[in-house]
Amino acid sequence: NLFGNNSYVYYYQSAFRPPDGWHLHGGAYEVVNVSTESSNAGTNGCTVGAIYWSKNFSAASVAMTAPQNGMSWSTGQFCTAHCNFTDFVVFVTHCYKSGPGSCPLTGLIPQNHIRISAMKSGSLFYNLTVAVTKYPRFKSLQCVNNMTSVYLNGDLVFTSNETKDVSAAGVHFKAGGPITYKVMREVKALAYFVNGTAQDVILCDGSPTGLLACQYNTGNFSDGFYPFTNSSLVKEKFIVYRESSVNTTLELTNFTFSNVSNATPNTGGVQTIQLYQTKTAQSGYYNLNFSFLSSFSYKASDYMYGSYHPSCKFRLETINNGFWFNPLSVSLGYGPIQGGCKQSVFANRATCCYAYSYNGPSLCKGVYRGELTKSFECGLLVFVTKTDGSRIQTRNEPFTLTQHNYNNITLDRCVEYNIYGRVGQGFITNVTNYAINYNYLADGGMAILDTSGAIDIFVVQGEYGLNYYKVNPCEDVNQQFVVSGGKLVGILTSRNETGSQPLENQFYIKIINGTRRSRR
């Protein structure tokens, strides 16, 4: 493999032996994030023969490197390093201890040896024991998605016929660090081969050097102008709104309850109290209408008599005052005011029960043993079954959500846009100074369209007046690289970008450090 100033690593299979010269080939991994870690073990040292520390990733490759001198195979320094490819884990460890709880994954490993293993669903399916004379100290472990390859100190120690991204990796260690984590993405590369061996690499990473070399399939250029095209990777998106704020009224579901005129009395016990008008809330906003209760008389809890709702801190008259539930169900029943509510809650027929009198006949039977055949005054019982939560809210009126819109225009780069409902990609420039003296009429007074119907110029109300913006194509068909003295020195473009210099009817952008790396 080839390393490029810690910014990339390049792998190629030993069977890949092209003729001398430049060749476009995969296998390059560009570093996109670097972090370090000093230690992750407790005061007693790290645990060997086990995976105890892991960091989550979603990457084509992850390299974990120790300082140049490496780390010793001991509980005082290095214990375990691993690569997680989601379906299986590859790890390297050592374990010379014996006894209960020691070496939980590998079992006892001979002294002065290390173990390279692969595990799937808790079962080891690959084991390789290597003497430490081959790897005197731990220096690096790299996980690569291509054929799920794992490299220990630069040597390929595991591969399979699957290609999967790295989902997690980590080094469990006590001292000898720090460990440097390098997260990489896969890119194509233009490699220079001599006698079947790669001597230099140029990444096709969207940089000026990469665009020029990978488009022309060579790293050697004579002086001149080189037209090029590139597809812009759009990373940003903005929206231009017609309104500064928008009100959205969310749906309020109404549950209306009414008196049941033909309800039959219970015949003894709470299980014979028939339920009516059961309504169950799902998620959202609800209004429960109990207006018919105005002709009923609420009966407070009095030992066995009346209502029973210690788990509900509200009355039915106030249930719509913004209470949160998850879930909520309400039913009506007609039963004895004497004991009907309390016994229903004890029997888990409801969380809370509210009793109301309508001066009904004494036709309802008792609910307690010994009173099942006795007659008591019938009343209206309202059963509420609920748990507190965040999916259901009661309200007296619909909920209105106000969204405040801010027009933040992204300039001088290719972006995805949504301008007054029209979407597309473009390179946005501010043309207020050029347009201010003209009378621009627009699509509803806000935009000018070109012949294709796409937005050409649009206007936004700013703090100090109207601002005009022009939408240009993301790709400049007139752009050219400038090579002088064998070096990439600049770009000619028709766009007036930040830092550019006017040159006749075009603009020149100087490239700093545009020299291609020398071949090794």
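Glycine too: its Cβ is placed from the backbone N, Cα and C atoms.
According to Swiss-Prot, the topological domain 'Extracellular' annotation covers 1-520, on the basis of sequence analysis. If you look up Swiss-Prot, you'll see Asn56, Asn84, Asn127, Asn146, Asn161, Asn195, Asn220, Asn230, Asn259, Asn289, Asn496, Asn513 (among others) marked as N-linked glycosylation site.
Shown on the structure are the features that Swiss-Prot records.
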{"residue": "Asn56", "record": "N-linked glycosylation site", "DSSP (3 states)": "strand"}
{"residue": "Asn84", "record": "N-linked glycosylation site", "DSSP (3 states)": "strand"}
{"residue": "Asn127", "record": "N-linked glycosylation site", "DSSP (3 states)": "strand"}
{"residue": "Asn146", "record": "N-linked glycosylation site", "DSSP (3 states)": "helix"}
{"residue": "Asn161", "record": "N-linked glycosylation site", "DSSP (3 states)": "coil"}
{"residue": "Asn195", "record": "N-linked glycosylation site", "DSSP (3 states)": "coil"}
{"residue": "Asn220", "record": "N-linked glycosylation site", "DSSP (3 states)": "coil"}
{"residue": "Asn259", "record": "N-linked glycosylation site", "DSSP (3 states)": "coil"}
{"residue": "Asn289", "record": "N-linked glycosylation site", "DSSP (3 states)": "strand"}
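Counted within 10 Å of its Cβ, the other Cβ atoms near Asn146 (N-linked glycosylation site) come to 16, all protein chains included.
Within 10 Å of the C-beta of Asn127 (N-linked glycosylation site) we count 13 further C-beta atoms, all protein chains included. For the glycosylation sites shown (Asn84, Asn195, Asn220, Asn259, Asn289), fewest C-beta neighbours within 10 angstroms: Asn195.
Put simply, Asn146 (N-linked glycosylation site) is 64 Å from Asn289 (N-linked glycosylation site) when counted between their Cα atoms.
In this structure, the CA atom of Asn220 (N-linked glycosylation site) is 29 Å away from the CA atom of Asn146 (N-linked glycosylation site). Asn161 (N-linked glycosylation site) has a Cβ environment of 6 other Cβ atoms inside 10 Å.
Around Asn56 (N-linked glycosylation site), the same-chain residues six or more apart in sequence whose CB sits under 8 Å from its CB are Ser167, Ala168, listed in sequence order.
The two recorded residues, Asn195 (N-linked glycosylation site) and Asn146 (N-linked glycosylation site), have Cα atoms 25 Å apart. The shortest Cα-Cα distance between Asn84 (N-linked glycosylation site) and any of the glycosylation sites Asn127, Asn146, Asn161, Asn259 is the one to Asn146.
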